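Below, the features straight out of Swiss-Prot:
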BINDING   Arg23, Glu79, Lys118, Lys450  (6S)-5-formyl-5,6,7,8-tetrahydrofolate binding site
BINDING   224-229, 243-249, 268-271  GTP binding site
BINDING   Ser228, Thr249  Mg(2+) binding site
DOMAIN    214-374  domain 'TrmE-type G'
Amino acid sequence: MYTKDTIVAIATPQGNGGIGIIRISGIDALEIAEKLTKKQLKPRYATFCNVYNDNEIIDHGIVIFFKAPLSYTGEDVVEIQAHGNPFILNLIIKAALNCGARIAKAGEFTERAFLNNKLDLAQAEAVADIINASSEIAAKSAAKSLQGDFSKEINNLLEKLIYLRMYVEASIDFPEEEINFLEDQKIHSSLEEIYKVILAIKNSCKQGVILAEGITLILVGKPNAGKSSLLNALAGKESAIVTSIAGTTRDIVKEHIQINGVPMHIIDTAGLRNSDDIIESEGIKRAIKKIQEADQVLFVTDDYTNSQVKFSDIKEIIPEFYDQIPKDIDITYVHNKIDLLKEVPHNHANHIYISAENNIGIDKLKEHILNKVGYTNQNESIYTARERHVTAINNAFEHIKLAKEQLELGNGELLAEELLIVQEYLNSITGEFSSDDLLGEIFSSFCIGK
């Protein structure tokens, strides 16, 4: 068991509330709690009592003792449920510090749970994901990962992979056998099965990252093309000021919405043009910077002299900014104000025709946005995933393809080597093999009381 010193932190959000919870974990948790309460605490019993600093009553509330290893961290844990006043909670924290505890680092309770094998790394990350989920679907997906569904799938895959690798290595270790193990159909079928499972997990992880992190959309275009109207139409409310005056939006305007349960971070930017206005020029600089950070760019135009606008044509529309826009960025051309046209062109490829002011074509645009990122609404098979999970799975997928190539070539040693590499990438997801730097980066993103 992982045992160090004893840590303490407030486990509930900042601010006033009906209840505030203080969590203590470590080898001296019970001793400290009994000093604070002047009570003998029984495991898994809720004890109503006063909380003291020396002999001075700070508050009264409910105290619960969880004896190791039957606790969140796997250590002795005490939770004090007091009144949710920050001043009172901080007084209790100070009293605990005086008794020998120290303030917990961000994510340290969950880190201790991981180190004590109460959960694996993917489950630990799911704790943060379920706290930060910004949609119902994201919360449900995070809950599945927290329950271990994602880890079970990875572990089942690892079991098959390890068995196959052992079988392949046996064929290398016993070359005197007359049987050519590499021609055994069992190896071919097992490798193909593993390949298909990794591919399925790869697709599921991609969906999971979208749910966990959302999609960042940037609205760009010339002034008065209708970017702010489009932001309001997508958000379903008046988030940005809309006027007929070009250059109204001078700074970044952000809105967070959901499309079919997928979090969307929409950013409206200043219209791209040369301007002598210092404030507007600064807004335009920020717009260019945001374009480089986007998952998708919605280029809004009301110029119908060229309804087949392509990326190269942006040089004609905004020539002064053409060189500053990444050439490989995913751009959708949103042709606005179609209510002013006698005949409306059909949507095609990356060209969507709308009227933001009259809410025409907005649903088609939303559908297009989801299709562009490859999101499919298959909730049952989606787990909340991190970018590092996707990277690990993508790498595993590339090496399982190389393993198939080596099998076809009859290279047993290289096949075994590729299978080992795949195993290492999969192990990194659940934390079977993880560097201290990676663990520090993951747990530092948690809130203090978790």
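Even glycines carry a Cβ here, placed using N, Cα and C.
How about a rundown of where these features are and what they're close to?
Within the same chain, residues at least six positions away from Lys118 ((6S)-5-formyl-5,6,7,8-tetrahydrofolate binding site) with a Cβ under 8 Å of its Cβ are Pro69, Tyr72, Thr73, Gly74.
Neighbour density for Asn224 (GTP binding site): within 10 A of its CB lie 19 other CB atoms from the protein chains shown.
Per-residue pLDDT, averaged across the domain 'TrmE-type G' (214-374), gives 72.
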According to DSSP, collapsed to three classes, what secondary structure does Glu79 ((6S)-5-formyl-5,6,7,8-tetrahydrofolate binding site) have?
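Strand, per DSSP.
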Any idea what the Cα distance is from Ser228 (Mg(2+) binding site) over to Arg23 ((6S)-5-formyl-5,6,7,8-tetrahydrofolate binding site), rounded to a whole Å?
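Cα-Cα distance, Ser228 (Mg(2+) binding site) to Arg23 ((6S)-5-formyl-5,6,7,8-tetrahydrofolate binding site): 46 Å.
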CB neighbours of Ser228 (Mg(2+) binding site) within 10 A?
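There are 24 of them.
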Secondary structure at Arg23 ((6S)-5-formyl-5,6,7,8-tetrahydrofolate binding site) (DSSP, helix/strand/coil)?
strand
Can you give me the Cα-Cα distance between Lys227 (GTP binding site) and Arg23 ((6S)-5-formyl-5,6,7,8-tetrahydrofolate binding site) in Å, rounded to a whole number?
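Cα-Cα distance, Lys227 (GTP binding site) to Arg23 ((6S)-5-formyl-5,6,7,8-tetrahydrofolate binding site): 48 Å.
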Determine, to the nearest whole angstrom, how far the Cα atom of Glu79 ((6S)-5-formyl-5,6,7,8-tetrahydrofolate binding site) is from the Cα atom of Asn224 (GTP binding site).
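Computed Cα spacing between Glu79 ((6S)-5-formyl-5,6,7,8-tetrahydrofolate binding site) and Asn224 (GTP binding site) is 56 Å.
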What's the CA-CA gap between Arg23 ((6S)-5-formyl-5,6,7,8-tetrahydrofolate binding site) and Asn224 (GTP binding site) in angstrom, rounded?
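Approximately 54 Å lies between the Cα of Arg23 ((6S)-5-formyl-5,6,7,8-tetrahydrofolate binding site) and that of Asn224 (GTP binding site).
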